[in-house]
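Q: One structure follows; several queries about it will come next.
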Amino acid sequence: MAHISQISSFLSIVLIFLALCITLFTNPTLSLPALKLNPFQDFCVADLQATPTNSGYPCKSQVTSEDFFYSGLNTPLNTSNPKGIAANPANLLTFPGLNTLGISMYNVAIAPGGYNQPHSHPGVTEAGVVIEGSVLVGFLTTNYTLYSKVIGPGDMFVIPPGLIHYEGNVGKTQCRLLTVVADDLPSEVGVPHTLLATKPAIPNEVLMSAFKADSKTINMLRSKFTA
C-alpha cells in the first residue's frame with residue numbers, strides 16, 4: 001500500500017507541474033518574449049553541428065521523432081560540491097527540439113544547507129514545483145521588497161520576469177525540484193559573481209560606495225570569487 005501511495009503522490013505532483021507549464025506557456029504576456037517561431041514553420045529543431053549565427057542555430061534538415069523526446073532529466077545528481085547544488089538541464093543545447101519554442105526545464109537537487117546564489121534570468125519567467133524536501137524560495141522586487149516562503153512536495157512557485165531570486169535547502173535531507181524557464185536557452189546573471197568576479201574588475205571605489213564598505217572588505221569579498 002505504501003508503494004501505491006508513493007506512486008499516487010508522484011503522479012499528483014506531475015499533474016500539478018503539467019498544469020503549471022500549460023499556464024505559464026499559454027499565457028501570451030508571459031511567453032511572448034521568448035517565442036521566436038517563424039509563422040511559416042511548425043518547428044525548428046536546432047542543428048548543433050552547424051555554426052551558430054546571431055540569430056541562433058539553423059534548423060536540421062532531417063528531423064525524426066527522437067528530436068522531440070528527452071530523457072536526460074533522469075540522470076542522477078551529485079550535490080557533493082562546494083555549492084551543494086546540481087542540475088540536469090533540458091535546454092536548447094541538450095534538447096535541440098526546444099529550439100525557438102521558448103521553454104526549458106531543469107531537474108535540480110540541493111544538499112542540506114545548500115543555496116542557489118541570488119541570480120536572475122533577464123526578461124523571462126521561472127516557475128517550479130518541489131518534488132522532495134523543504135525549499136526556501138525568495139525573490140526581490142525592483143522596490144526592494146522580499147517575497148519568500150518555505151515550501152514542500154507538491155508546492156509550486158513562480159518568479160516574475162527578470163527579478164533576482166534564490167532557492168535553498170532548509171531541511172535535513174536532500175531536496176529536489178523541477179523548474180521551467182520561459183526561454184529555450186535562458187541566460188543567468190549571478191549577483192555575487194557579476195559584481196565581484198568581472199574581468200576587468202569593477203573599480204574598488206564603485207563597490208566601496210555601493211556596499212558602504214572599505215577597500216579591505218571589498219578585496220576580501222572579491223578573493224572569495226576570483227580564487
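Placement of Cβ uses the backbone N, Cα and C atoms for every residue, glycine included.
Nobody curates TrEMBL annotations by hand; they come from automatic prediction.
Quick paste of what TrEMBL says about this protein:
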| type | residues | note |
| --- | --- | --- |
| BINDING | N116, H121, E126 | oxalate binding site |
| BINDING | H119, H121, E126, H165 | Mn(2+) binding site |
| DISULFID | C44-C59 | disulfide bond |
| DOMAIN | 71-219 | domain 'Cupin type-1' |
Q: Using Cα coordinates, what distance in whole Å links H121 (oxalate binding site) and H165 (Mn(2+) binding site)?
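A: Distance between the two Cα atoms comes out at 9 Å.
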Q: Within 8 Å of the centroid of the Cβ atoms of N116, H121, E126, which other residues of that chain place their own Cβ, given that this set defines the recorded oxalate site?
A: H119, S120, I159, H165, E167, T179, V181, P186, E188
Q: Can you grab the distance from H165 (Mn(2+) binding site) over to C59 (disulfide bond)? Cα atoms, rounded to a whole Å.
A: 34
Q: Where E126 (oxalate binding site) and C59 (disulfide bond) are concerned, what is their Cα separation in Å, rounded?
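A: For E126 (oxalate binding site) versus C59 (disulfide bond), the Cα atoms are 26 Å apart.
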Q: Mean pLDDT for the domain 'Cupin type-1' (71-219), as a whole number?
A: 95
Q: Could you tally the C-beta atoms, other than its own, that fall within 10 angstroms of the C-beta of N116 (oxalate binding site)?
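A: I get 21 for this one.
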